[in-house]
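Undergrad: My questions all concern the structure below.
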């Protein structure tokens, strides 16, 4: 084993922990000067703790990520997505520093003609510096790879979240981290050399790559099964949609027939100037519930004006889900041919969350009603979702992660909406509380 001084250990641990935190920040697409400064301060604290933990130097990062999520959500159950990013960053860094250590050791032994690993203690400063430089080089290459494959990476993360696999991935990553950490601790206890340790971790890395490939195959298979299941649901919803349109057409024909009869009757009363009977007739018409409701159910036919199949399919799905929950979903589209061309995946996710939250809240309200309006003016599209809420209502906290008026294990949806809006420069979110109505509007600019 190579013996290092306290200063060398501290510098190396600080540098490696800082690289881990920057990798974690980069993977979350949250890179900025303020975040880098926070990472710098956190790295100093963790480096000091690492002097006690030695080979478990990354443990504070993993535990810290979990504790931060618990504090942020104010409950023991965490959102695994953020912990997953930290675990991925730590695992990657352990593998990279092991490979870097092996390369650095080989170079220095060859350059100085050392025949024993312990001889490297004479050039400990150079070894630490060289380890960090090589590790940083590999990390930069990794950043470049992630940047070139950022669309695939983001799609994969979204797919894992949409399929509800985040928790399973979390426990798999915890097992991988625990296994690697065990190798490091046993290596330290048994005085196993860095070369043998690196070889063990490289072998383990190959196993991880194989597991990742299998996991990707599993996710694709699972996604395909879910798509088949969703296709069946969509077909049923399409059938219900067509049946609803047919029913509305029949009701409109009936209303037209009733309207013609009403006009003929009123014409005769006007001719005879029978005001008393005319007034009685009008009062009777007002009390005819089926006439008042004849045009109230045509809302879903508005979707014919929406030309995006994905968004239209989502709204149809939510329309029938709302009906099952006893909630009336009113739709309004002010343009005959409304087509949204950009960021449709994120728009569908945002609208889905807004409608889910509104429908669930509307179940508890006396009116059982949700309104959804899609309006396009020039190059701007506005999608508004409105529902009644119980007063007093905290408009400032609804987008905070973990905050929810719907009980435990909730409060992630609107926080995710806020993140998606922040990630798109042409997305804006407007929130209003008008009397007892909450209206959330997604504003999309740059649409032709």
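The backbone N, Cα and C atoms fix where each Cβ goes, glycine too.
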Undergrad: Looking at 35-53, 149-167, 168-186, which one does TrEMBL call transmembrane segment?
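TA: Result: 168-186 is the stretch TrEMBL calls transmembrane segment.
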Undergrad: Considering only Cβ pairs under 8 Å, which range in 84-111, 123-147, 168-186 makes the most contacts with the transmembrane segment (6-24)?
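TA: Per the Cβ under 8 Å count, 123-147.
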Undergrad: Six or more residues beyond either end and a Cβ under 8 Å away: which residues meet both conditions relative to the transmembrane segment (123-147)?
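TA: Same-chain contacts beyond the flanks: 2-5, 8, 11-12, 15-16, 19, 22-23, 26-27, 92-93, 96-97, 99-101, 103-105, 107-108, 112, 153.
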Undergrad: Average pLDDT across the domain 'Sensor histidine kinase NatK-like C-terminal' (344-440)?
TA: 82
